[in-house]
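This report refers to the structure that appears directly beneath it.
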C-alpha cells in the first residue's frame, strides 16, 4: 500500500479513502474498483460527474447499477478501518493505470488516467458502456487534461480549472438567471470596442462601488446570448473568475500559481473565452511570497500578446493604489469609466428589474415606490451610490412585505392568542367548582364559540387570498421562463418555436394572470388580510430604519415644509422674531436652489448676550428639519483653545495616538449626515479652527486624517458668539449694526465672514418676552406631571410673578428656569413625597401676596 501511495495524486488518494468508507458501509471486507467508481459517482465535484453533466447522462442511474453489482459482493459483519484491505483486483487496476501514466509521461496517477485505463477493459468498461459512448467519454477526459502533465501530487486539481474556479455568465444569461440591464449603452459599446482590438484588448471598468460595473459585464453576456454583438464576439463565453476559490485550499508553495496558470492556459487554448475578474486589484500581490510571483505577473505576458481576453472591474481608489504603481500592468488594460447614474437613469434601471423583483418576492411594486426609492436614496444616503442603494431599498421593502405575507396575518394571530388565553382561563376555572366560576365558564364557552367561528372565517379568507396570490405568482414565474425561452429561440434562429411561445403560450398565461388579478382586485374592495403592494410609505419606512429620519418628514413636500420653517421656530423661541425671520429666509433661499449645491444647507453666526435663545434656536431648527433635537451636534469651542486640540476635529495624524479613531467632527457627521452642527462660543477657539471651517463652509466637505472625505452638504452650521454683546445690549439701529461689524472685523478674518450665509443678531429680552418664556417653560413641567397622572395649570398672576422675580436682563432667560425650580418645583416635590398629590389629581398654580401657592382644583 505504501508503494501505491507514492505515485498517487492527493485527489486520487482521497477518492480511494472514500471508496474504503463505502466498502465498510456496505460490509464488504475488500475495496474493489467498483467502490472507487461509486466514490467518484457520489462526489459532485469529481471528473466523472463533470463529464456526465456535459454529456447529459443521469448519474443516479449509474449509481443504481453500481450499487446493484456491489450488493452481490461477499460481506462480513465485523469490517472496520483496521481490517479493511485493497483487493488484488484493485491493486492490479492501479498497476495497469500506472503503465498508462508512464506512457503519458506523468509522474503521478490521477483519476482521469485511471478512468481511461478502466474504460478500455475490466468490468467497469461494461458498466460505463451501458450509459455512454466510451470513445466520447475518453475524448472528454483527454480534453479535460488538455495536454498537461501530472508532475506533482496536486496537478489534477487544475483539471477543468474554469469549471472549478469560474462562473459562466453566458450560461446564466441563457438560463434567464441574470437581471435585465437598462441603459449603459455607451459603456457597453466601449467595452466591445476594446475587446475586438488585436492587442491590449483588455478593458477595465472603473467606478465607485454600486454604480453597476458588474451589471455591464452581465449585459455583455446577455447580448452575446442574443447575438446582439459584433460577429467576432458572437461565440464568446464570459467566465467570471472566483479569486477566493482560486486561493482557498492552496496549501503548498506554488499551488496557487499552478491553478492560475491552468486557468490562463485553458482560456488561451479555448480562444472563445472572455475572463472577467471582479475586484481585479486583488490579483496584485495575490499568491506572492518569498521566491514566487504574484498573480498579476502570471497574467501580464498573455495580456500583452492579446492571447488572454480579460475584463477587470475595480474602484478608482484601488486602481490608483495598485495599478498606477505598476506601469506594466496599467498599460495592458484600457480604462472604461463608469459614472454614477442620475436619479432618472437609476429610475429607468429600477423599472427594468421591477418584474424580476416582483416574481422573486411574490409582490406587486408600485411605480411610486420606485420613484421614492430613487429620490429618497439619493437625498438621504450620502455615502453610497446609485443605482445600488435604490435597488437595495426597494429589495428590502419587498422582502419586508414578503415576510408579512408568509407569516400569519395580525388579525388572525390576535384571534388565536385570544382563544389560547381563554382556554387557559377555562382550564384554571374548572379546578375551582363554585357558582361564580360556573357563570364565568359559561361566558368563556360563548366567547370561545364566537372566536372560533371568527377564526374559521378568517382562516378560510386567508386560504382563499393565498391561493389567488400564489396562482398569480406561479403564472408570472412561468411567463418569465417562457419569455427567456422565446428570446433564446430567436437567437438560435428557431422562429417557429419563438412564435408559438410569444403568440400562443405567453398571451394565454397573461390572460390567466389578468383574470386572477381582477379576482384579487374584487377581493381587495371588501378588505383583505394580505397586503401585496410595495408603495412609497413602505420604502420610506425602510429608509427610516436605515437612517433614523422620520418617515413623515421624508414624504412631506419639501416646499411646504420649508415655507413653514419660520412659524415652527417662533413656537419654540420667544422674542427673537427678527433673528428667526433672517434664519428662515436664508434656509428658504438655499432650498429654493439659489445657493450653490456644494455648500451646507446654511451657515450662520449667531451673535448676542447670554440666555437670549441662540442655542434654543439651533435645537428648534434640528427638531423641525430632522424631527429630533438630538440631530443637533454641539461642540463646546472652549475645548479647542489650544493649537494641538484642533486636530481632534479631523483626527490625529498618522503615527499619533488616536489616529484610528478619526475626527470628532468628521465621525459625528458620518454617523449623522443630516444634522445641525452647533459650534458654541466660537470666539474661544484657536484661530486654526477657522481654517478647518473655511473648507467646510466653501466646499461642503472635509477630509479627515485617514483620507476619507466627509460630506457636509446636508448639515446646517451654526456658530454662536458673545462678541459685541455690550454693543447689542446698549445700542440700537444703525449705531448697533456698525459697532457689531467693527468688532467682528477685529476678531474674524474677512474670508471667514464672507463664507457665512448670514450673521444674525439676537437682541436682549424684555419683561414681556420673559412672561411668554415662563409659559413655554411651564409646558415642560406640565408634561412631567402628566406622566405621573397629575394635571397642572398656571395662572396669569403666577406667570407674571415668576417673570418678575426670575428675569435679569444681563443673564437672559436662564434665570427664569431657576425661578420655576425654586418657586414651583421645590413645593411640588415636597407635596409628592408627603403623599399630598396622587394620580388623577388636578392642581392650580397661582400667586397671592407675591408668593406662589399650589392648590388642588
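Positions of Cβ are set from backbone N, Cα and C atoms, glycine also.
Per Swiss-Prot, the features are:
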BINDING   207, 208, 209, 210, 211, 212, 213, 214  ATP 1 binding site
BINDING   608, 609, 610, 611, 612, 613, 614, 615  ATP 2 binding site
COILED    391-525  coiled coil
REGION    160-340  region 'NBD1'
REGION    341-548  region 'Linker'
REGION    558-764  region 'NBD2'
REGION    765-857  region 'C-terminal'
Mean pLDDT across the region 'NBD1' (160-340) comes out at 81
Residue 207 (ATP 1 binding site) -> DSSP, reduced to three states, gives coil
Out of the binding-site residues 211, 612, the residue with the smallest number of other Cβ atoms within 10 Å is 211
Surrounding the recorded ATP 1 site, with Cβ no more than 8 Å from the Cβ centroid of 207, 208, 209, 210, 211, 212, 213, 214 and those residues left out, we find 313, 315, 338, 385, 388
Same-chain residues at least 6 positions away from residue 214 (ATP 1 binding site) with a Cβ under 8 Å from its Cβ, in sequence order, are 278, 313
One should report the C-alpha separation between residue 612 (ATP 2 binding site) and residue 211 (ATP 1 binding site), rounded to whole angstrom, as 48
Residue 212 (ATP 1 binding site) sits from residue 611 (ATP 2 binding site) (Cα to Cα, rounded, in Å) at a distance of 53
Around the recorded ATP 2 site (608, 609, 610, 611, 612, 613, 614, 615), other residues with Cβ within 8 Å of the Cβ centre, ordered by sequence, are 606, 720, 762, 812, 813
Cα nearest residue 208 (ATP 1 binding site) among binding-site residues (609, 610, 613, 614) -> 614
Three-class DSSP assignment, residue 608 (ATP 2 binding site), comes back as coil
For residue 211 (ATP 1 binding site), the closest of the binding-site residues by C-alpha position, picking from 608, 609, 610, 613, 614, is 614
For residue 610 (ATP 2 binding site), the nonlocal same-chain Cβ neighbours (under 8 Å, six or more residues apart) come out as 722, 725, 811, 812, 814
Simplified DSSP label at residue 212 (ATP 1 binding site) comes out coil
Cα of residue 213 (ATP 1 binding site) to Cα of residue 613 (ATP 2 binding site), in Å and rounded, measures 51
The rounded CA-CA distance in Å from residue 613 (ATP 2 binding site) to residue 209 (ATP 1 binding site) is 44
